[in-house]
């Protein structure tokens, strides 16, 4: 099965790429745009707090992102309460940004772990108001199931703390989450290099979202290309089906007809 025939579907929308990327931490907007292009990503996330919605047309970040080429995913990065996150999503919608939102409600500044209690509260409100909610959450299958039951269009468990580059720290929880929910599972945060992205996709999840892993690399453009390849390779490997792990060797050549 080729990657071209294998689509990511979120709330009825089809995407060819299973890689989603952020727009922060780049050296320049020009570098960001080039990285987006080579990443092959179709969904681009933007922190609403970083965008001066009143300055459209005056060098605003959104002026550099082609809405015909990318699906914009506004996020609530920097929000620590449900009320703040809901207010941020409402402002984004009023400014003409997408109803498709990445919901973040953080618990503290040191770990940037999600506050699941506030997250669930915000998700309930936003779903009722017609938003398509993609929540950043902990790698807790119970919380992910609750988010699905609320009506979230996907769940986005962390692979490791935001910006840590530690990779997928608890693959077994990610596997359980994938078994538990029917909505897409997108690993968000912690991916540090291409092998991390490939490992995530080999678990059978539906996609990966990253920012620092690309923007923080020594060469963000090259890393964006590497992540593009890694996500596609990991997905294809999952679909192909890996061989089982065994303690002892198995000969790869037939033993029939051996001399002696």
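Just so you know, glycine gets a Cβ as well, placed from its N, Cα and C.
Among the candidates 163, 204, 234, the residue that Swiss-Prot names alongside 189, 190, 211, 212 for the 1-deoxy-D-xylulose 5-phosphate site is 163. In the three-state DSSP scheme, residue 163 (1-deoxy-D-xylulose 5-phosphate binding site) falls into the coil class. Classification of residue 189 (1-deoxy-D-xylulose 5-phosphate binding site) by DSSP places it in coil, neither helical nor stranded. Classification of residue 212 (1-deoxy-D-xylulose 5-phosphate binding site) by DSSP places it within a helix. Summary: among the binding-site residues (163, 190), the fewest other C-beta atoms within 10 A of the C-beta are counted at 163.
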